[in-house]
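Student: Pasting a structure here, questions to come.
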6 protein chains.
Amino acid sequence: MFYHVKELQYHAKPEKPDPLYAKKLQEILGGQFGEISVALQYLFQGWSVRGDGKYKDLLMDTGAEELAHIEMLATMIARLLDGAPVGDLEKAAKDPIIGAILGGMNPQHAIVSGLGALPADSVGNRWTADYIIASGNLLADFRANLNAESQGRLQAVRLYEEATDSGVKDMLSWLIARDTMHQNQWVAAIYELESKENIVVPSTFPKELEKREVSYALFNLSRGNESATGRWANGQSIDGQGTFQYVEQPVPFAPEPKLTPAPPYIHNTLPSILKDGTNLMPPSKY
Amino acid sequence: MFYHVKELQYHAKPEKPDPLYAKKLQEILGGQFGEISVALQYLFQGWSVRGDGKYKDLLMDTGAEELAHIEMLATMIARLLDGAPVGDLEKAAKDPIIGAILGGMNPQHAIVSGLGALPADSVGNRWTADYIIASGNLLADFRANLNAESQGRLQAVRLYEEATDSGVKDMLSWLIARDTMHQNQWVAAIYELESKENIVVPSTFPKELEKREVSYALFNLSRGNESATGRWANGQSIDGQGTFQYVEQPVPFAPEPKLTPAPPYIHNTLPSILKDGTNLMPPSKY
Amino acid sequence: MFYHVKELQYHAKPEKPDPLYAKKLQEILGGQFGEISVALQYLFQGWSVRGDGKYKDLLMDTGAEELAHIEMLATMIARLLDGAPVGDLEKAAKDPIIGAILGGMNPQHAIVSGLGALPADSVGNRWTADYIIASGNLLADFRANLNAESQGRLQAVRLYEEATDSGVKDMLSWLIARDTMHQNQWVAAIYELESKENIVVPSTFPKELEKREVSYALFNLSRGNESATGRWANGQSIDGQGTFQYVEQPVPFAPEPKLTPAPPYIHNTLPSILKDGTNLMPPSKY
Amino acid sequence: MFYHVKELQYHAKPEKPDPLYAKKLQEILGGQFGEISVALQYLFQGWSVRGDGKYKDLLMDTGAEELAHIEMLATMIARLLDGAPVGDLEKAAKDPIIGAILGGMNPQHAIVSGLGALPADSVGNRWTADYIIASGNLLADFRANLNAESQGRLQAVRLYEEATDSGVKDMLSWLIARDTMHQNQWVAAIYELESKENIVVPSTFPKELEKREVSYALFNLSRGNESATGRWANGQSIDGQGTFQYVEQPVPFAPEPKLTPAPPYIHNTLPSILKDGTNLMPPSKY
Amino acid sequence: MFYHVKELQYHAKPEKPDPLYAKKLQEILGGQFGEISVALQYLFQGWSVRGDGKYKDLLMDTGAEELAHIEMLATMIARLLDGAPVGDLEKAAKDPIIGAILGGMNPQHAIVSGLGALPADSVGNRWTADYIIASGNLLADFRANLNAESQGRLQAVRLYEEATDSGVKDMLSWLIARDTMHQNQWVAAIYELESKENIVVPSTFPKELEKREVSYALFNLSRGNESATGRWANGQSIDGQGTFQYVEQPVPFAPEPKLTPAPPYIHNTLPSILKDGTNLMPPSKY
Amino acid sequence: MFYHVKELQYHAKPEKPDPLYAKKLQEILGGQFGEISVALQYLFQGWSVRGDGKYKDLLMDTGAEELAHIEMLATMIARLLDGAPVGDLEKAAKDPIIGAILGGMNPQHAIVSGLGALPADSVGNRWTADYIIASGNLLADFRANLNAESQGRLQAVRLYEEATDSGVKDMLSWLIARDTMHQNQWVAAIYELESKENIVVPSTFPKELEKREVSYALFNLSRGNESATGRWANGQSIDGQGTFQYVEQPVPFAPEPKLTPAPPYIHNTLPSILKDGTNLMPPSKY
């Protein structure tokens, strides 16, 4: 159950409006690695933990925080949109800044959301739950989380570089710091689980059931041997269970497949036509 | 540039058809962590590497292999669909197996693809590039890859548990082994980059520009202190740049936001109405 | 900013597992009118209110509650999935119940989420922000909310009818009651705004700028005059600004449009070919 | 069955081309509340009405009209795109208007549709049937319709404000007037159904099966009591069946849920690891 | 502008309900090649024709007919859903037919649409305008139309094979016949345009601007020479402008690309790290 | 199985960067008819061919080539993005070119992909497998392929017209030439199959099972007789099996449908309410 207070976790106030930047900032609100993604990803993972304790609590702590970040970004974007220009391109075009804004702002910020934030990314794609991950295996999921915080901090940093407004930068410096913590925390949790299990997810699948002969082989399928010099091609495997090998000329292990013809009620191309292949085409009419 | 040979990387032949299992197996062909996802993810990352050498080669090696895995799965699914029943439910229902198949198979396997594999997951959602990640920052992206291989191997293992066909199990044991390698290789690459940079992505953003006071703080936003006992709440941070702290009673750092009214041409609810709020509602008509 | 407590707003415990029902119940978690939709819809509306006071508070109150409902449903679904069968269809088919389950459950509940709830609807479509609405005009948005609660309660009631488990019914009877409140509250808010503005959204657009001659006309475009007997075709208009009229034989007000040919650099079909239209087709080759 | 005449329901001719405005105007053709949405929404509702008479006829009348509005908008957009510039940015940039157009127009209007309208919104998202609603319960659906006409008219009005072309304004003033009618007609139909049933959808669910104790309670889940002063928190409920109450300090009604561990064949994190949680992490390697 | 009559173009009445078949039949209503797709495809093409005459009229004739087919299918599906079972799996499972239905019917047909048709395909994916095509070049678009009618008729035929109900078969035999006509008509229109232009779309691009040396070459990129025996590898090209050639051992025409490092403000992996690639990884902790 | 070489099939090097053009060029990489679409379409068709020989080989040859085209476009786009400007709008706006770029470039090219290509189209929609087609019926699918190459070449030509960079034009002239070949080859394959089967897909459905009386009729459903003058309305049908006829005044063949009321557990609008329709609405409160 959730309680809301109307104060913000941190300031979200720009010096002045900037509709073009509002459009860009949508990326870390409603994009693939925006705050909606991490909030719902952590909450869904937490709700699915089949057991109690610190991992579940950590997920719920962080999920609740990300809701606050959605709120900060929604507030910032609404303020960046204050007084967004609409209207007469000819007049506006005399002022190149307004021209760029009219050409570049997200038109839905005026037409659809009435100067509010959208649950969408910087090009206007609506957020989708295709972005989120919750498998019930915490080592797998914490890796998803580490990736999300890595991509998210990278995007926030790039937006910082694109910003000139001190209020925007101030807020981003908060979000970037929180992403530093979140990367640290998921790495800590990952190390702990890896030390109890193994680095390979899931650790509970019996080794003898996999084809061990290719569990540590790098197949050189892109011509050139640069990858042969990497750690992944030499020495003990990272999981300590095998030895990396480099297969310079990988070959197929199975013959060309031949598929059985479909039954007549499927109405695929008839086997007789496929087999025969005689060219009955009449002379070109051109 | 790519060359194709018609032989398969590994066998993809079931003992006998099973349309219901074909539907499930679609998950690791066209689902969020299916082979289409990893193939295109690695290739797009490889094409975007702005520099040469072993990382790019590793990406292209692995991307090319994943194309072969799409091919194996497409072949296996086509064979699992051989002779899939269609038609008369009443007759079929006398045989409970056929009844379950008629109720459970993906109808598009007959109607749309003519007993071929679909570029879709196990519930029939078509594959979307929303699943893939390529940021240009290799540490971030290798984490995405490690996650993809972790989720993917987990799904393959679950499908192995659901399988009874020895041919299907044989193929899955190959794919599971390859995922073992791929997890190992991305971990190796991650360790290497982390040791050169730092665990926090991107490592190139100046520390002093983030709010360092919250870079290592865990906010207890879900009541209960279980998460206080984790490594993430105690001791030196994993990046070696700070000390974890646990904030038991986190508070807002900023006041409740007040947004400026929208200009009249936006036609939002008028400020006078919002401010006033007088209840003028006539007596209920009920 | 949000605080979470781990207790549930209300009980979410089935008597016994039922994977098939778990699949259906996903509709009101992650479907078009599921709890994710209303939670994010109310929160986004609240964050965008450009003014303070009771409407914003009401939105935030209700949005926070809907988060608790997502949590209840995620918990219920996880429990309905306890011990979901996977595996051998032949054995299972001897038990028609298991056969139906194997044929009918959402395969991603086992393969993808590991017996956890999915952010998806009852057929497996992932949730999308295309479902939500926040325009900045509260009368418009409260109508969206009333619709969402009407559709949502209707779906919950239908699921109640499909349920046999007393635990499931108990939880649904809570959600249905809350939807009763939420329909009541949005109607109350709508009446209040309608009495201050007018029923037509937006009320701030000058009447004289619309084509008043067709503002109250019902065009009979589907043959048959049944609709002529409705209130909407007779008497004063509901907004009190005009008189309904029924146009029995509606005609076009504008001529057939003629579009200018595209410039050559667009490479559309040439005007000469369109205009001429001479049939130069050679005799059929069949 | 449908018959088409080539004349337009109303004029759709701009004074002059404006590719940037064409992009914006797409919103009410192919956006969430565009004409495709209302046309297909009304038609699907009509086709599903299980009974005859005036409601079905009204739906078909209006659905047929919305098809004519798609046609008008498609025509207007094609004309706004006449002679859209492509090509040399350097030359174009000397003319700031052309620069803004080149930066801002939808590139698919040239590349994909060849200066025709797209079935897409103002940012280029293709139309999706996720937007439409047809439940078989007419009171629920008429509320969906009233919302659609409210959002749609709001967007048309905002586009009117952004327009400078007299031909565009003329067409919009037609569409705005029609939305006035359509809001009036759905309100009339809603009042009629509400007076026969009740305001709560569905009216056919027995009251005693819902948790009546929370059917009229407003839970104060966002700190601050502004919402306590609303009609929704005081007096008889709008449905006349209860009394609104304001719950200032809402508490959970159910304990923290404990989920059963997943069976081994799911390969989630093991209960032993979740329960134990011992920190076995080796000393940081940094 | 459109006029509707309530009579159906053809009968749409099954002998008896069949919810499982209703789910399948959705494919040709709301799938990729369903009636919504062809209706909107032809109408959008027609509205975009920049010229008048027979092609535009043909498109509008056929588009209007496809609207009638949506209507027939929506009616048929509603009737197939009459009295669809919901409820108690245990009881139902005693009747294997009902068990299969409960396991296999689209749950949204009961929960969401109230026994009405959905704008979705046979697995429940909502219709999307991603399916439709209108380019402004009629030869290209008529090929899209011929494909749509070919795929659509194939699907209708497969559904005919899966049907046992004489009413369903009767309706499908109508739709299949109409698809026969529509394939014939688009072929006729294609031949006419090909004879005026050429088979290569667009015919208006100057030959000398393309790399003519590869305009008729088949590159053998999949090992094995079976494709060398086809008409496409021998003799005059079909467009009459060149000679087909078979390139047995195709080679790259350009060197390996080297991309410039990204500027620092993008925070990609640093060139020094990419170039160096030294393995600094500490000894494995396992 | 696939092998990759790092050399490109053809040059992909612009004279100089152009982020705005990079955005547009995405259309033929990740749009509906971009290279991802044709690559995966041909490969999926090839993998599903249930028989061997030249058609399968042709599909695999061409699919493998299209992978090389994705690679070329990804490389070209990365180079067009070199040094893409971010940042200060006010400064930038002094240079109208930079202003147009800032307003018009795809913001994800900087924020998300770090100056790499995206698997998306020119407006930023991510690629989806909804675009691709593989039915198992080769004549149907080759028509899909011919359409894809027609639309794709048309788009490439339009992009050529929009280009000023000689490197971009050079690459496009390669791709356009390859599309010339691919249109030729699919036409050749289509003619061959048509001459063995018939033009109507599928050719295996018994004629007597379709309603032959409407297999060659053109219904004039859009007022105006222009379409009566086409080949499709006169003479022998193209398939040689009938005679085209023009139905000037098409009428319905079936009565208005009456649907049975839904059972009570569906909670649709009650039949009594639908039937009665009495207007009980109280006097308007306005």
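Positions of Cβ are set from backbone N, Cα and C atoms, glycine also.
TrEMBL does not curate its annotations; it predicts them automatically.
Found this in TrEMBL, in case it helps:
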- C:GLU35, C:HIS69, C:GLU149, C:HIS182: Mn(2+) 1 binding site (BINDING)
- C:ASP57, C:ASP61, C:ASN220, C:SER222, C:GLY224: Ca(2+) binding site (BINDING)
- C:GLU66: Mn(2+) 2 binding site (BINDING)
Student: Inside 8 A of the center formed by the CB atoms of C:GLU35, C:HIS69, C:GLU149, C:HIS182, which other residues of the chain have their CB, for the recorded Mn(2+) 1 site?
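Tutor: Neighbours found: C:VAL38, C:ALA39, C:THR62, C:GLU65, C:GLU66, C:ALA148, C:GLY152, C:LEU175, C:ARG178, C:ASP179.
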Student: Among all protein chains shown, how many Cβ atoms are found within 10 Å of the Cβ of C:ASN220 (Ca(2+) binding site), not counting that one?
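Tutor: Step by step: centre on the Cβ of C:ASN220 (Ca(2+) binding site), count other Cβ atoms within 10 Å, giving 25.
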Student: Sequence gap of 6 or more, Cβ distance under 8 Å: name the residues on the same chain that satisfy this around C:GLU149 (Mn(2+) 1 binding site), in order along the sequence.
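Tutor: When sequence neighbours closer than 6 are ignored, C:GLU149 (Mn(2+) 1 binding site) has C:VAL38, C:ASP179, C:HIS182, C:GLN183, C:TRP186 within Cβ distance under 8 Å.
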Student: Sort the binding-site residues C:ASP61, C:GLU66, C:ASN220 by C-alpha distance from C:GLU35 (Mn(2+) 1 binding site) and give me just the closest.
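Tutor: Nearest by Cα distance to C:GLU35 (Mn(2+) 1 binding site): C:GLU66.
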Student: DSSP on C:SER222 (Ca(2+) binding site), three-state: which is it?
Tutor: strand
Student: How many neighbouring Cβ atoms, not counting its own, are there within 10 Å of the Cβ of C:HIS182 (Mn(2+) 1 binding site)?
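Tutor: Cβ-Cβ neighbours of C:HIS182 (Mn(2+) 1 binding site) within 10 Å number 25.
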Student: If you draw a 10 Å sphere on the Cβ of C:ASP57 (Ca(2+) binding site), how many other Cβ atoms land inside?
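Tutor: I count 24 other Cβ atoms within 10 Å of it.
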Student: Taking CB atoms only, which of the binding-site residues C:ASP57, C:HIS69, C:SER222, C:GLY224 fall under 8 A from chain E?
Tutor: C:SER222, C:GLY224
Student: Sub-8 Å Cβ contact with chain D: please pick out which of the binding-site residues C:GLU66, C:HIS182, C:ASN220 have it.
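Tutor: In terms of proximity to chain D, the binding-site residues that count are C:ASN220, given in sequence order.
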Student: Cα distance, C:GLU66 (Mn(2+) 2 binding site) to C:ASN220 (Ca(2+) binding site), nearest Å?
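Tutor: Taking the Cα atoms only, C:ASN220 (Ca(2+) binding site) lies 42 Å from C:GLU66 (Mn(2+) 2 binding site).
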Student: Among all the protein chains here, how many other CB atoms are within 10 A of the CB of C:ASP61 (Ca(2+) binding site)?
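Tutor: Counting Cβ neighbours of C:ASP61 (Ca(2+) binding site) within 10 Å gives 30.
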Student: Might you list, by sequence position, any residue in that chain lying six or more from C:HIS69 (Mn(2+) 1 binding site) with a Cβ less than 8 Å away from its Cβ?
Tutor: C:GLN9, C:GLU35, C:VAL38, C:ALA39, C:LEU175, C:ARG178
Student: How big is the Cα-to-Cα gap, in Å, between C:ASP57 (Ca(2+) binding site) and the residue listed as 'Mn(2+) 2 binding site'?
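Tutor: Answer for this pair: 14 Å between alpha carbons.
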Student: Between C:GLY224 (Ca(2+) binding site) and the residue listed as 'Mn(2+) 2 binding site', what is the CA-CA distance rounded to a whole number of Å?
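Tutor: Pair distance, Cα basis, whole Å: 44 Å.
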Student: Please report the DSSP secondary structure of C:GLU35 (Mn(2+) 1 binding site), reduced to three states.
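Tutor: Assignment for C:GLU35 (Mn(2+) 1 binding site) reads helix.
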Student: When DSSP is mapped onto helix/strand/coil, what comes out for C:HIS69 (Mn(2+) 1 binding site)?
Tutor: helix
Student: Give the distance between the Cα atoms of C:GLU66 (Mn(2+) 2 binding site) and C:SER222 (Ca(2+) binding site), rounded to the nearest whole Å.
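Tutor: Here the two Cα atoms are 41 Å apart.
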Student: C:GLU35 (Mn(2+) 1 binding site) has how many other Cβ neighbours within 10 Å of its own Cβ?
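Tutor: Step by step: centre on the Cβ of C:GLU35 (Mn(2+) 1 binding site), count other Cβ atoms within 10 Å, giving 23.
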Student: Measure from the Cβ of C:GLU66 (Mn(2+) 2 binding site) and count the other Cβ atoms within 10 Å, all protein chains considered.
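Tutor: For C:GLU66 (Mn(2+) 2 binding site), the 10 Å Cβ neighbour count is 25.
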Student: State which of the following binding-site residues has the fewest other Cβ atoms within 10 Å around its Cβ: C:SER222, C:GLY224.
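Tutor: Minimum Cβ neighbour count within 10 Å, taken over the binding-site residues C:SER222, C:GLY224, occurs at C:GLY224.
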